[in-house]
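Engineer: I'd like to ask you about the structure that follows.
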Amino acid sequence: MLPIHLFRQNKELIVDGLKKKNFKELELVDTIISVDEKRRHLQSESDNLAASINSASKNIGQLMAKGNKEEAEALKAEVSNHRDKTKLLAAQLADIETELHDLLVRIPNMPHSSVPFGKTPEENEVVRQGGSTPDLSAQKLPHWDLTAKYKLIDFELGTKITGSGFPVYIDQGARLQRALISFFLNYNIDGGYKEYYPPYMVNEASAYGTGQLPDKEGQMYHATADNFYLIPTAEVPLTNIFRDEIISEQELPVKMTAYTPCFRREAGSYGKDVRGLNRLHQFDKVEIVQIVHPDKSYETLEEMAAHVEHLLQLLGLQYRVLRLCGGDMSFTSALTYDFEVYSAAQERWLEVSSVSNFEVYQTNRMKIRFKDGGNKAQLAHSLNGSSLALPRIMACLLENNQAPEGIHIPEVLRPYFGKAIIN
RNA sequence: GGAGAGAUGGCAGAGCGGUCGAAUGCGGCGGUCUUGAAAACCGUUGACUCACAAGGUCCGGGGGUUCGAAUCCCUCUCUCUCCGCCA
């Protein structure tokens, strides 16, 4: 949610940003500004009334103390009258505040100046690439064949136990999964991130804080009996740790990492997108989140991107880094880098990480602030990224490292996996 | 799940229905003293709205009584203690 003062002070900037983001309902901006004006008018009217009630009530107290009953009674009648008006105004004010809020949450974040114009994924800008395509002339099986061949993952068994999109990792498959999680977490800890193990279900306020609610409600699993939501990403519990907190400036930057499963309903997905490990209802991910000083957030974004990129280099995967265009960015992001790895047997790029700067969009809604030098509370910036999403990494590792004698495990994972080859 | 107690500023902890945005202690910040630090002493120190003015709002959330509520009533949520169940 953008701070309202931006609309009052810089309407043109907002409209330009919305256009870049390919947002259609531009008329909302004017609506917001006029509703805000109405709101402020009502507010001052109500404040003035409250001021007169307050002072009259004080007078009544003094009159009573002096035993001046008649005057006191007269004042009481007057205040009583004012009070009815206040109630009316308060109701109107509450309505208009809700209206304003509901309008504000419909406005996406403003894109950063470096965000390219564009509407579709094809218009994203490739900023860097690394690694090389492996030679698979000897054998070129997609990962769903490899997981069957080496009995690493049983998709049908998951369907039996739960439903499609809930694979069962078995034996060396389970072990590789655990190796990846440990490797990623340790790598992040070495990078200065503090490890957390958060709840996998969150309450409504948390889902709301990071923006899953109200617009992405259908994407989450909902435990209705207790009104909890299964987290679609660790970003939700992690960022909410600091909801409604005022952090001292010395504590910045806050760097957090967590491994969690992620649960997504993925309604409407189909075809090759959901084959094998490409898209699941439950998958594992290690996440990094930072809360930083506003002056530092773009520096931090580059740092986080470099952090993720190095991880892909360590795994020896072919990758590319995309700067998302306005139309393909998420609602809440100001600038996003997507990381894709090349799946050599499927011959397609798979997204494995998305690193974003949200500026104040999340922190404004969650009231995550810090005390600056002048001892004044101001909104911090929040960022997050995956490091990394596991299923597609596993898919690429299996496919790209396959050989007639088995699947070779990258050097960095061997201490965690315990051996050099799956066979 | 049953019974009871509680929810106040960064923390701890007061608060007869009016003079309470709230005592006091700790912590934080500034200063005196000191070569420096500690101790001691002095001062200062919540948030929101808003033009850092005035005014207004906030004592877990919501509602009510009253001219006036942190203080009384209702309700919800959460926490703690005891019992039950349990990895």
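One-based numbering along the chain as shown.
Backbone N, Cα and C define each Cβ position, glycine as well.
The following feature annotations were taken from TrEMBL:
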| type | residues | note |
| --- | --- | --- |
| DOMAIN | A:175-415 | domain 'Aminoacyl-transfer RNA synthetases class-II family profile' |
| BINDING | A:Thr233, A:Arg264, A:Glu287, A:Asn384 | L-serine binding site |
| BINDING | A:Arg264, A:Arg265, A:Glu266, A:Glu351, A:Val352, A:Ser353, A:Ser354 | ATP binding site |
Engineer: Can you give the largest Cα to Cα distance in Å, as a whole number, for the residues A:Thr233, A:Arg264, A:Glu287, A:Asn384 that bind L-serine in the record?
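Structural biologist: It comes out at 18 Å between the most distant Cα atoms.
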Engineer: Taking every protein chain shown into account, which of the binding-site residues A:Arg264, A:Arg265 has the largest tally of Cβ atoms within 10 Å of its Cβ?
Structural biologist: A:Arg264
Engineer: Taking Cα-Cα distance, which of the binding-site residues A:Thr233, A:Arg264, A:Asn384 are within 10 Å of A:Ser354 (ATP binding site)?
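Structural biologist: The binding-site residues passing the 10 Å Cα test are A:Asn384.
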Engineer: For the binding-site residues A:Thr233, A:Ser353, A:Ser354, A:Asn384, which one has its C-beta crowded by the most other C-beta atoms within 10 angstroms?
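Structural biologist: Of the binding-site residues A:Thr233, A:Ser353, A:Ser354, A:Asn384, the highest Cβ count within 10 Å belongs to A:Ser353.
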Engineer: Look up A:Glu266 (ATP binding site) in the DSSP assignment and reduce it to helix, strand or coil.
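Structural biologist: It is coil.
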Engineer: Give me the Cα-Cα distance between A:Arg264 (L-serine binding site) and A:Val352 (ATP binding site), rounded to a whole Å.
Structural biologist: 16
Engineer: Can you tell which of A:Glu266, A:Glu287, A:Glu351 has the most other C-beta atoms within 10 Å, given these are the binding-site residues?
Structural biologist: A:Glu287
Engineer: Can you tell me which of the binding-site residues A:Arg265, A:Glu266, A:Glu351, A:Val352, A:Ser353 is spatially closest to A:Asn384 (L-serine binding site)? Compare CA atoms only.
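Structural biologist: Closest candidate to A:Asn384 (L-serine binding site), judged by Cα separation, is A:Ser353.
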Engineer: Helix, strand or coil for A:Ser354 (ATP binding site)? Use DSSP.
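Structural biologist: Once the DSSP labels are grouped into three classes, A:Ser354 (ATP binding site) ends up as strand.
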Engineer: Measuring CB to CB from A:Val352 (ATP binding site), give everything in the same chain under 8 Å that is also at least six residues away in sequence.
Structural biologist: A:Leu312, A:Tyr319, A:Phe339, A:Glu340, A:Val341, A:Ser386, A:Leu388, A:Ala389, A:Arg392, A:Ile393, A:Cys396
